[in-house]
Amino acid sequence: MAMASLARRRTGELLRPDAARYTAAWSKLYTSSAAAADENDVVVVGGGPGGYVAAIKAAQLGLKTTCIEKRGTLGGTCLNVGCIPSKALLHSSHMFHEAKHAFASHGVKFSQVEIDLPAMMAQKNKAVSGLTKGIEGLFKKNKVTYVKGYGKFLSPSEVSVDTIEGGNTVVRGKNIIIATGSDVKSLPGVTIDEKKIVSSTGALSLTEIPKKLVVIGAGYIGLEMGSVWGRLGSEVTVVEFAPEIVPTMDSEVRKQFQRMLEKQKMKFKLRTKVVGVDTSGEGVKLTLEPAAGGEQSTLEADVVLVSAGRVPFTSGLGLEKLGVETDKAGRITVDKKFMTSVPGVFAIGDVIPGPMLAHKAEEDGVACVEFIAGKEGHVDYDLVPGVVYTHPEVASVGKTEEQVKTMGVEYRVGKFPFMANSRAKAIDDAEGLVKILAEKATDKILGVHIMAPNAGELIHEAVLALHYGASSEDIARTCHAHPTMSEAVKEAAMATYDKPIHI
Ligand SMILES: Cc1cc2nc3c(=O)[nH]c(=O)nc-3n(C[C@H](O)[C@H](O)[C@H](O)COP(=O)(O)OP(=O)(O)OC[C@H]3O[C@@H](n4cnc5c(N)ncnc54)[C@H](O)[C@@H]3O)c2cc1C
């Protein structure tokens, strides 16, 4: 296919998707002689990981591209108020925690360890501004036009932009990609003021370390932000309606993970709902009730983080007028080529169904513009890795054991604890395990789950293995450098199809 499309491009012939509904979009794209000189091939609304990656890829494919972003900086939620600032604070707070609690056992002693919160925040802000400016540089390099302002559809090929400077301009495109991302999900009766009751955005910029922090929601964002402030000294309580934390996680790994967090003094109130919030005093008084109903209790906090999920953001875009369909959750529905119910209008990233993750948005962006350019695009949604960046990190790809059971497939499980991994022991950071699930009949790997200090890096060996349809024996027979944490992945693979050596 790759060779065929290359040959066609060389001869000027472009692949056409066969479905009739694409005809309108295709004729829009490839009747450029009739198009106005200022018309783009692709206009992207939203400059987050979905949007900016789509814009760069489109430009690389030779398409005239404009990206519209209202925030004033590129990178979207991820770079500005999500992945990057949270990882900066996770790293800084981990260093403080290690200096305070772990360095002495390695023979490194301080007379005093202090937190300089403004300096910590400044380092986070430096990382954010460096990276967001870097994307502006990539836009220039790839000749993507960048329009700063709020985009609103006038028609399937025209976006009106209220620019940040105060004016208005109309951007025209043969193909328009909606990449407007997501926003914090609010809870009924809980008003976020970003001071006492904060969203993840407020939790990334607190000016004081709260004595008591209550996190509503035990998803990955709540646990990561709870970890940051817990390491810096806050007493953290996580209130969660569901019976467990991070529901998408393999339940065996989840149980160990929760124990780890409890060891780090994070408290959990599961199967519990918040039914009242009182901010009239100095702090916040929450009224709690068992999820199934019952006796109420109160919980006091200096700061409450509302982290109950995220919702697609399409406000002010004018989708209804355009006729772009959304589902019950407000997500834009798309076909396999990311086209919405309106030909020529596409959608990617957090605003469409699928995991709300930056790397998934990026994959959507690349595949979407590849389709627009007449090439083949592909995203395997079963193999999007998920990582919780606590310490240890938890990373997974493929199926959980519960999902494999539901599939009705006979399977094998291989596990290897980091307590038996020489590198983990050498650095005295040996909590966690690798767990591999493989089909019994074929040994094909179905899922991999890792809890380890650097699980977010280790998981990619497994992601690649699953993409190539590898067996656990394939990994087990692959030479892994010693001493590395990766050897635990090899040993877990050995445990899956045969026996591990080191335990
Ligand atoms: C605290 C936190 C931590 C996270 N950590 C991770 C992580 O570690 N790893 C991970 O994979 N994901 C993480 N995420 C999720 C990740 O940020 C999102 O999945 C990702 O940013 C989605 O990308 P997107 O391009 O679809 O949307 P977004 O990043 O939300 O970008 C959409 C952009 O569109 C702009 N926009 C919206 N409407 C308009 C309009 N009408 N006109 C012009 N511009 C508009 C917005 O201003 C925004 O910049 C985290 C999120 C949060 C909140």
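Backbone N, Cα and C atoms are what each Cβ position is placed from, and that goes for glycine too.
Features of the protein shown, as given by TrEMBL:
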- HIS482: active site, proton acceptor (ACT_SITE)
- LYS87, GLY151, THR180, GLY181, SER182, ASP350, MET356, LEU357, ALA358, HIS359: FAD binding site (BINDING)
- GLY217, ALA218, GLY219, TYR220, ILE221, GLY222, LEU223, GLU224, GLU240, GLY309: NAD(+) binding site (BINDING)
- CYS78-CYS83: disulfide bond (DISULFID)
- 41-365: domain 'FAD/NAD(P)-binding' (DOMAIN)
- 384-493: domain 'Pyridine nucleotide-disulphide oxidoreductase dimerisation' (DOMAIN)
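Using ILE221 (NAD(+) binding site) as the reference Cα, a 10 A cut-off selects CYS83 from the recorded positions CYS83, LYS87, THR180, SER182, ALA358. Excluding GLY217, ALA218, GLY219, TYR220, ILE221, GLY222, LEU223, GLU224, GLU240, GLY309 themselves, the residues of that chain whose CB lies within 8 A of the CB mean position for the NAD(+) site are, in sequence, VAL215, GLY226, VAL238, ILE245, VAL246, SER307. For GLY219 (NAD(+) binding site), the nearest neighbour among the listed recorded positions (CYS78, CYS83, MET356, ALA358), judged by C-alpha distance, is MET356.
Fewest Cβ neighbours within 10 Å among the binding-site residues THR180, SER182: this applies to SER182.
Within the set of recorded positions CYS78, LEU223, GLU240, HIS482, the entry lying nearest in space to LYS87 (FAD binding site) is CYS78 (CA atoms). The sparsest Cβ neighbourhood within 10 Å, among the listed binding-site residues (GLY217, GLY219), is found at GLY219. Only CYS78, CYS83, ILE221, MET356, in sequence order, out of the recorded positions CYS78, CYS83, ILE221, GLU240, MET356 have a CB under 6 Å from ligand 1.
Ranked by CA distance from CYS83 (disulfide bond), the recorded positions THR180, GLY217, LEU223, HIS482 have LEU223 at the top as the closest.
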